[in-house]
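Database features (TrEMBL):
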- 1-11: compositional bias 'Basic and acidic residues' (COMPBIAS)
- 1-23: region 'Disordered' (REGION)
- 40-57: transmembrane segment (TRANSMEM)
- 63-86: transmembrane segment (TRANSMEM)
- 98-120: transmembrane segment (TRANSMEM)
- 132-152: transmembrane segment (TRANSMEM)
- 164-181: transmembrane segment (TRANSMEM)
- 187-208: transmembrane segment (TRANSMEM)
- 261-280: transmembrane segment (TRANSMEM)
- 286-308: transmembrane segment (TRANSMEM)
- 320-340: transmembrane segment (TRANSMEM)
- 360-379: transmembrane segment (TRANSMEM)
- 418-442: transmembrane segment (TRANSMEM)
- 454-474: transmembrane segment (TRANSMEM)
Amino acid sequence: MSGDTSPERRPRYTPRTGKQAMRSMRGDAASMWRGVANPISLRGLVAAGAGTLVLMLPGVSTAIVQIIVVAVLGVSGILDVIYALVGKRWIGKRRNRVIAFLRGLITVLFVAILVLFMWIDTDGGTVSLQVVVSLTGLYVAIRGLFLLVSSIFRRGQEGQGPRIVGGVIALAGGGIAFWSPETLTDAIIVGGATLAIVVGLILVAWGLRRSSSHEAGLDPRTATLPEVLWDWIRGMDIGVGEREDLADSLYFDEPGRYAKLGAWWVMLVLSVAIATFAVLSDSTAVVIGAMLVAPLMQPIVGLAGALVNGWPHRALQAGLMVTLGVLVSIALSYGLAAWAPVAVSFDTNTQITSRVNPNVIDMCIAIAAGAAGAFATVNKRVSSSIAGVAIAVALVPPLAVVGICLGGGRFVDAGGAFLLFLTNFAAIVLSAALVFVLTGFAEHRRLQDNPMRVIGVLGPFVALAVVLLAPLVLSSQGLLTQATAERVAQRTVDDWLGEDSDFVVEGISIESGTVIVALRGSGDTPPPEDLKAALDEELIPARALRLTVTPVEVTEIPAR
């Protein structure tokens, strides 16, 4: 991707005759076939196909995940026991053999319990998988707690920071799996399938690139997956010149440092003003305008680029810009809302209510938007997509909501909106860092010399994302429970009315422990007491019932 692309050196396109075009197409087809037919590309096709199949067939996916979880834990426990008995270890570091034996024995017993639960659940479906995930989460959380406590008390030891980060990740992730196994089960399946598709496509692209460049390089018959991925990263390196050009657009370096900073702050203040007034007026169109103007995406993506390239000064600069930008945005929106001649309805304003209860979907959006923003930064062909990325991730509007809610004394809502911003921030940094590595913006020599450094600097962001995931999962679980209860209530109301009823169900909702049913039609409904009794049988806990019937009067006048 590197090299001189000036107009003088760029090859000029020359039209071809029909025969020349056909020969060229046959040559391209043969080259593509050679690229796809090698073992690495075939493995990539299998991985991408398997990931797609998992997404398309969720019923089969649950059984596969069960087997994988039990197999991985079982092998881990057996290896620990073997190491304790014979002193030979194939995977992992050598540790105290007594501790390894106890840990391996506990793991094997734990796997036996999982297998027992799977055997009891003869359906072999989602229930047993949720039990597996829940018990696995408890096991991981306990190990994470031990790791965290031991790392805190063993001060001064080498690698204390990464051990603390690992303990936090294990404790938070295990807790999420234990308390909300169904949500994490879906995340594991979808995330694993998506990863398989992405890795599979990279393997196919590697095979095509190898075929078109006619390089010897790795032997596809013997190359391992890490070797192929590393060769892909090395081949995608964009070069020093282009890397510095991109860095100039991400950081506030000389020349023109203060001019860049001044322009950035002007755009931030204007975007906060637009976002604040848009939220106060409950205008979606104006909020979108604030998203387009907001410049906060630049230092966040720049922070990801600095972390993977080992640029501490630029990373500190980007982190400081994000911190100051957040503080100024909240303070400015607080002041503007206090002076605005508008009465804010916090319960009905859609721009506020849509940002104070973030869930897992918001993190997924931020991950995809961060990846798209990083890719558009590296690849100038799609740089026009940055505007769409800004709309998708919406960094400034949540901060405006934080300031408005603080001014109105709605501290819980302000915390929810700030949680949304933190979710976007952590997800963008992580996904952008991964894309920068895969697209060559990260210098491969630095990655090769000290890969653990990159993992170490990104570890705190992973821990932050996992910790933030806990309230997001709880929020998603609440929404899922609400939707499930409303579907059950809908089915119960339909059964209560009967198939030959003239009444039309206009709406069913559950608010504050009350099932609200709105009907429209003429005549008398079945006894409401029967509906209440049926709802009590289907919904736990029991809820109150509010039945609203809008009468319909039909008048017919015959024709003359």
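Here the Cβ of each residue, glycine as well, is placed from N, Cα and C on the backbone.
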> Okay, the transmembrane segment (164-181) and the transmembrane segment (418-442): do they have at least three CB pairs under 8 Å, pairs separated by 6 or more?
Replying inline: no
> Per the 3+ Cβ pairs under 8 Å rule, pairs at least 6 apart in sequence, do the transmembrane segment (40-57) and the transmembrane segment (454-474) touch?
Replying inline: no
> Under 8 Å, at least 3 Cβ pairs, sequence separation 6 or more: does that hold for the transmembrane segment (360-379) versus the transmembrane segment (454-474)?
Replying inline: yes
> Which residues, given as numbers and ranges, are at least 6 beyond the ends of the transmembrane segment (454-474) yet have a Cβ under 8 Å from it?
Replying inline: 161-162, 165-166, 168-169, 172-173, 175-176, 179-180, 183-184, 307-308, 310, 315, 358-360, 362-363, 419, 422-423, 426-427, 429-430, 433, 437, 442, 446-447
>> Six or more residues beyond either end and a Cβ under 8 Å away: which residues meet both conditions relative to the transmembrane segment (164-181)?
In response: 130-131, 133-149, 151-152, 459-460, 462-463, 466-467, 469-470, 473-474, 476-477
